[in-house]
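Undergrad: The annotation compositional bias 'Basic and acidic residues' is assigned in TrEMBL to 140-154. If you look up TrEMBL, you'll see 182-191 marked as compositional bias 'Low complexity'. The domain 'BTB' annotation in TrEMBL covers 31-97. Marked as region 'Disordered' by TrEMBL: 124-154, 179-207.
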Amino acid sequence: MLPQLYCLRWKYHHNNLQTMFSQLLDRGCFCDVTLACEGQVIRAHRVVLSACSTLFDNLLSNYATEKDPIIIMKDAKFFEVKCLIEFMYKGEINIEHCKLTSLLKTAEDLKIKGLAEVSFHREDTVDEPILPPETNLLDDGNHNDTSNREDQDENQRIEMIAQRMPPALTPIPINIYGSGTAAAAPASSPSQNDTLASQKRNEEDHH
């Protein structure tokens, strides 16, 4: 006779994990990966990036045994990367309407779950993006009036359409601290590159 089993369930397990990961991100605790773009860096956790993005999952799986990898995201906007990190940790973000289209396109390139499935209406119009069923746009009351959006001139309309083009995120080099290749800092920070290269030469001299 099989023994009787009891199911112990934590009602707030999901909420607790979401809250704790957000707090760890805010405090910078136990971070094990760095995202670099536009001369700035964001510290994060590989487990969260892998769980929320198939691109990050595939990329980081190749460096699973490496310590503290640095992902250099060429041509990505720091503001958008920061917003997407917040979305992955908290499940929601507030974004201005004029920045929404470009953000969603970057999310698609990075395969961010919950946002990568976004599709658009016809390419020759500037319509609202169609979000997947599990994703909602929250109105925090700070939006512009619809009439103001309708008054955008032709140049602004074309610019928003152009933002749908991929931001060239395909080449994402990754450099590892402590590996045979010196870690590369963001391209716009030459002083950091010089420091890292100098540290590497000193390590080689000691050997």
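Glycine is no exception: its Cβ is also placed from the backbone N, Cα and C atoms.
Please treat TrEMBL annotations as automatic predictions, because they have not gone through curation.
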Undergrad: As a quick check of your reading of DSSP, tell me how many residues in the domain 'BTB' (31-97) are helical, how many are strand and how many are coil.
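TA: The breakdown for the domain 'BTB' (31-97) reads 29 helix, 15 strand, 23 coil.
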Undergrad: Could you give the mean pLDDT over the domain 'BTB' (31-97), rounded to a whole number?
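TA: Across the residues of the domain 'BTB' (31-97) the model's pLDDT averages 92 on the 0 to 100 scale.
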